[in-house]
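Here's the structure we're looking at; comments come further down.
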Amino acid sequence: MHHNYYLSPLAVALALGMVSPAKAADPILLQNASFSEVKQKFALSTQGVAVAKDSLSFVSEHTDRNKVTHVRMQQKYVGFPVYGGYAIMHSMNTAKSLAATTQSTVEMNGVVYQGLQTELGQPDASFVQNADKALQQFKAKYANQNVGDEKVIPMVYIDKDNQAHWAYKVSIRVNHLDKAPERPTAIIDARTQQPFVQWNDIKTERVSVKGSGFGGNKKMGYYEFGKDFPYLDLTRDANNATCYMENESVKVIDMKHKYSSVKAAMSFACSTTDSDIYSTGYREDNGALSPSNDALYAGYVIKHMYTDWYGVNVLSNSNGSPMQLVMRVHYGDGYENAYWDGEQMTFGCGDRMMYPLVSLGVGAHEISHGFTEQHSGLEYYGQSGGMNESFSDMAAQAAEHYSVGKSSWQIGGEIMKESSGYDALRYMDKPSRDGESIDTADEYYSGLDVHYSSGVYNHLFYILATKPNWDTRKAFDVMVKANMDYWTPYSSFDEGGCGVLSAAKDLGFSLNDVKSSLQAVAINYSKCH
């Protein structure tokens with residue numbers, strides 16, 4: 001079977017001799033470092049290929065409205081990525097000119113590690129060859145299951161004590177017949193074959209014509225597209241008189257209460273009309289009139305929110321073109337969840353506790369996991385995982401504000417059944433109201449579920465958005481910019497707070513308001529540059 005490996009020529013050439021750790025790696029907090037110091041210690045590779053033992057390799061760049069270019073770079077040691085080593089350079093220089101510049105005006109954030117040569121030496125000659133062994137051992141835990149999309153990345157892992165280790169990041173996709181898929185992911189010690197950390201990386205939660213139809217559920221009320229909300233954008237094939245629940249931006253797939261499906265859009269017969277407006281009809285399911293209509297509309301709103309407010313695609317293809325949002329509805333049997341799997345959004349129809357999960361807020365949440373994945377890449381465990389979840393909750397409130405001009409400050413309130421005993425899944429004004437989430441960073445402990453650690457940044461967002469002269473849009477402006485230009489995959493709550501301050505400064509917003517909001521949730525900004 002073919003597996004995906006991520007290696008550079010230098011990595012293979014230098015795989016010569018593994019040694020035991022001698023001392024801890026030395027972290028450099030980049031917001032307090034000088035650009036000249038970093039250039040002396042690390043070769044800057046703007047082509048993404050490591051050319052020296054200690055290097056920073058280009059990942060992506062983004063130029064904001066202030067003409068500042070934010071260049072993301074992954075640390076590599078002898079060609080292998082360093083997990084936790086990540087830099088973002090902020091200057092008037094593009095990535096191509098950054099390596100040659102001598103300017104002291106380059107600002108930075110992130111963390112990189114020096115001293116890896118002393119601690120690690122060179123990897124053993126079998127390090128690369130043993131990558132498949134690590135993957136197969138990890139895969140063996142899921143024997144007799146439907147496994148695919150296997151990946152292994154040889155790397156350097158920095159643990160919580162700043163000890164560096166040769167390691168492998170392994171992941172597989174496990175498809176189930178009776179429940180949602182999983183993406184078990186782990187970082188494995190190359191010496192002991194034991195995991196340092198592990199988590200599930202599935203993030204939960206033709207000719208154009210117009211469509212009319214119904215949406216909503218018993219709790220939020222029912223409404224009509226073409227009357228209460230805009231007409232739906234459809235595609236019609238005149239040759240076979242068929243309309244498709246698809247447009248350039250969004251495609252809706254009917255899972256028919258199964259766990260796998262074809263990739264074709266939902267369709268229905270539609271004879272020619274004088275107005276070129278076609279009734280989608282509706283398929284009532286668990287108290288909702290038409291989950292497919294709601295999904296198509298939610299995708300439209302979310303995509304346009306990111307475009308109208310920020311001039312960016314909510315999701316992009318590898319060539320930078322807009323990615324069509326794929327919304328899979330009627331998923332599974334009694335499935336009370338929704339998730340983003342790296343390619344598409346999937347929505348269950350609920351059961352006893354929930355109505356179908358195709359509300360605007362839930363859709364914005366799942367789609368925005370993809371936005372985070374394509375920008376900061378916040379890892380989905382620990383404090384960065386809480387930030388990842390929280391950004392998607394923020395996006396849910398932003399989508400409500402974009403659509404109806406106000407935010408509910410509840411997550412999932414519109415889909416919870418009255419008989420469930422719950423009025424929402426999470427609360428941004430007081431996260432601890434759900435009995436599990438934390439309100440402040442000093443309440444965090446290792447192993448806390450990311451849906452509960454999200455309370456810190458959810459609370460921060462609410463406090464900031466409700467300050468005088470602020471609103472949901474303005475607060476989301478700050479968080480989007482922090483996600484795009486300042487957060488790294490490994491950001492902690494405090495490091496993320498520095499990114500929020502930097503984003504607010506770039507946008508010309510009140511730093512005192514941001515600082516007081518950070519302080520209210522016990523995020524320490526004293527070390528921010």
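Each residue, glycine too, has its Cβ placed from N, Cα and C.
Database features, via Swiss-Prot:
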ACT_SITE  GLU366  active site
ACT_SITE  HIS451  active site, proton donor
BINDING   HIS365, HIS369, GLU389  Zn(2+) binding site
SIGNAL    1-24  signal peptide
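Annotation: GLU389 are the binding-site residues among HIS365, HIS369, GLU389 whose CA atoms are within 10 angstroms of the CA of HIS451 (active site, proton donor). Listed recorded positions: HIS365, HIS369, HIS451. The one with the lowest count of other Cβ atoms within 10 Å of its Cβ is HIS451.
Secondary structure at GLU389 (Zn(2+) binding site), as computed by DSSP, is helix. Within its own chain, GLU389 (Zn(2+) binding site) has VAL450, HIS451, SER453, SER454 as residues 6 or more apart in sequence whose C-beta sits under 8 angstroms from its own.
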